Amino acid sequence: MGDRFRLEPGDADEPGTEDTVRHRELAAENTHVSALYRRLDSLRDRVGAQLRETQRQDASGTHQGRSERDAMETHHARRLTQLSAAEHGLCFGRLDTEDGERLYVGRIGLSDEEHEPILLDWRAPAAQGFYRATPASPQGVVRRRQLRTKGRRVVALDDDVFDRETLSDARRGTLNGEAALLASLDATRTGRMGDIVATIQGEQDRIIRADLPGVMVVQGGPGTGKTVVALHRAAYLLYTYRERLAKRGVLVVGPNSTFLRYIDEVLPSLGENDVLLSSVGRLFPGVDAVAHERPETAVVKGDLRMVEVLAEAVRERQRLPETAWELTIREGTVHEEVLRLDPALAEKAREAAREQRRPHNQARSVFVHQVIGALTRRMAGRLGQGLLRDEDVADIARELRSEPQVRAALRRLWPLLTPHQLLVDLFAAPERLAAVAPGLDEAERTALLREPPGPPPHTEPYWTPGDVPLLDEAAELLGPVETAAERLAARAASEERAEELAYAKRVLTEMGIGMVDPETLIDQHHGGSPHRPVADRARKDRTWAFGHIIVDEAQELSPMAWRVLMRRCPSRSMTVVGDIAQTGAEVGLTSWEEVLNAHAGDRWRKEELTVNYRTPAEIMDITTDVLRSIDTRLQPPLAVRRTGVPPWSLRIEPTALTGELPRLVGREIAGTGGGRLAVIVPRSRMGDLGGALVALRDVALADDPEALGMPGVVLTVEQAKGLEFDTVLVVEPEEILHESPNGIRDLYVALTRATQRLGMVHSRELPAMLAGVKEARERGYADVP
Ligand SMILES: Nc1ncnc2c1ncn2[C@@H]1O[C@H](COP(=O)(O)OP(=O)(O)OP(=O)(O)O)[C@@H](O)[C@H]1O
């Protein structure tokens, strides 16, 4: 028996018994897959009808009636979304086991009318062999068959037959479903990441199916599938731990909005819509942190010393009067009096409030209580303490609380503060910064200084991504701003919610619906979206604790950003993926231990991905010296394929660069055959080169929301992080190298974005480590000056 063979339709035209067998196999698989699609259609029709029927029901009935209707609607809508997402590539594999079983593997699980399983969900335990079986460790599998489909038709089959007896050693360590994998890797890119459910490799599957608890760090070089694996892990966890995660939700954190757009189709294509995708800059509700700042400012803001700076900034707002203040009471009336509020009185009250160790805004009530108590005693003393009844004393206290001068004094000494106000005030006042941040040097404090935003409406964004962890930290220190009325309202609301929750649970139990979360049901009742309920609730709630967090490009996060994420995940159930060699941000990581020992103690483990599925070997070869310059201990991931196209370089006169680049880019776009091209430029050249390039109809700048759909896009390395393109032109690599302290890592990122072709366009010398790259004139660019 051969170890691998492939069945293509053309094979059947050739004479011979083996071809007849193959032809028959293909026909048999087509019959089976057609039956699966028929079942999918009938389920879709049935669920669609049930959904329409539920929606037609009268929504104006009793509370119970509405709850039931909404629960059913959620249930049907969710199922319909899953069934629709399964249309493309419904079934992609077959496993033949030693026990003679034949299992079909697909995007979702299906059963026939008799409830017999006819398709296994790829995440089901029984499907694991499809991804993990190897010739050396077949795991009870005798044959793994990849079904390649076009629309609803099977067009080719690839078999791996595991028979230890007949296998050569060379065959034992090969890729799973190699032909399907290579076909997918060779395809032109669409500008959006797709799922890899049919071709997940063994080392990736181990990460995807790892247990939920604890922090798992996935370290891997460029193109090893960290992002795509992390997203499949989210889908796996939601399937396997649905009960637990449906309630708390899953958060996927990426570096910026372009990256989030790049990956946002993967989970829906796997039938999972209820996951919150966000950058750290969007994690503070109500703040869209899109303003830019200098790298040195981001460095200070990301530094852990800011924890103490902010704690001190809050304490600084808890003031004492320098001399005794004379507060006029009942001003302008015949009962006018003056009360002294002296530093000693205020200090005693401040100590009592601070001792509570509660957030500033909550501790304020203690401060107010103490000051009012002391002033009341003074006033009562004057009136003759022994003569007053308790009610009279309480009346005096009430009166003092509403006296304008007393109120103004309390506001000055212990103001209610929002995180926004605390930071705006801090950044606008050098003397305040100097007082609260003695641990920062002069240059660091200057880096933080900023004009306050003008009065609304604001035209210029004020908050930067680096501010968000500071806002979050400040929110922890300050607590919510609540008036007494709001506190009462909040308490009433939470009691009402508890009642509603108990009611919803009862209804769902009576109806026997286990898949609908009672909290979801209530939210829908209050106008929440039926399809993204948990994600929506989580997005609006700063204190939301997620069931699991996936952090992508995790090496870029500052220590302050890690604090935000850890706060959002008290259970420390996290998947952290990244590559230390690609750290571009100056505040980013140089080792995983740095951050994880501090936050997860011994509850974290590291896994590695070692195979590069994106970048062809020809390109990886020229990055060897670059990687070595970053750290001699780093191993490049092994490229899985060759394209036969070596990278090239082209030198252009400095004065001709802006004029020639658009011509070159136009020509390269024409050569991508409908694929995507990226021009990666130094940050300082975005203005002139980006400006010249967007004059081309097919090219956009990276911050244009439509950029990923365009044939060409101009990006800085920071913007290109995590993305990939068929062709990449890196402009002025020498400038990229020297533009930041992490320039060498930036260069490594830029060079590893291409799936097919890489060119370097330069007016300065190429960096010495790229000396081996061939001059383009030999490759048909002889006419470029
Ligand atoms: N098993 C697989 N089957 C098909 N394609 C795969 C597989 N694994 C990875 N890929 C593809 O390889 C490319 C690189 O994957 P991905 O972007 O997840 O890598 P990465 O490790 O996050 O890279 P980087 O660190 O450079 O951002 C993607 O196009 C992805 O779809």
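The backbone N, Cα and C atoms fix where each Cβ goes, glycine too.
Just so it is clear, the model here is predicted, and its values are computed rather than measured.
According to TrEMBL, the protein has these features:
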type     : residues                                       : note
BINDING  : G220, G221, P222, G223, T224, G225, K226, T227 : ATP binding site
COMPBIAS : 65-75                                          : compositional bias 'Basic and acidic residues'
DOMAIN   : 199-616                                        : domain 'UvrD-like helicase ATP-binding'
REGION   : 1-21                                           : region 'Disordered'
REGION   : 51-76                                          : region 'Disordered'
Which of G220, G223, all binding-site residues, has a Cβ with the fewest other Cβ atoms inside 10 Å: G220
Neighbours of G220, G221, P222, G223, T224, G225, K226, T227 excl. site residues, C-beta within 8 Å of centre, ATP: D579, L609, N612, Y613, R614, P637
Contacting binding-site residues, sequence order - G220, G221, P222, G225, K226, T227 vs ligand 1, Cβ under 6 Å: G220, P222, G225, K226, T227
Per-residue Cβ crowding (10 Å cut-off), top of binding-site residues G221, P222, G225: G221
Secondary structure content of the compositional bias 'Basic and acidic residues' (65-75), with strand meaning DSSP E or B: 11 helix, 0 strand, 0 coil
Model confidence over the domain 'UvrD-like helicase ATP-binding' (199-616), averaged pLDDT: 89
DSSP-derived class (H/G/I helix, E/B strand, else coil) of G220 (ATP binding site): strand
Neighbour tally for K226 (ATP binding site), based on other Cβ positions within 10 Å of its Cβ: 25
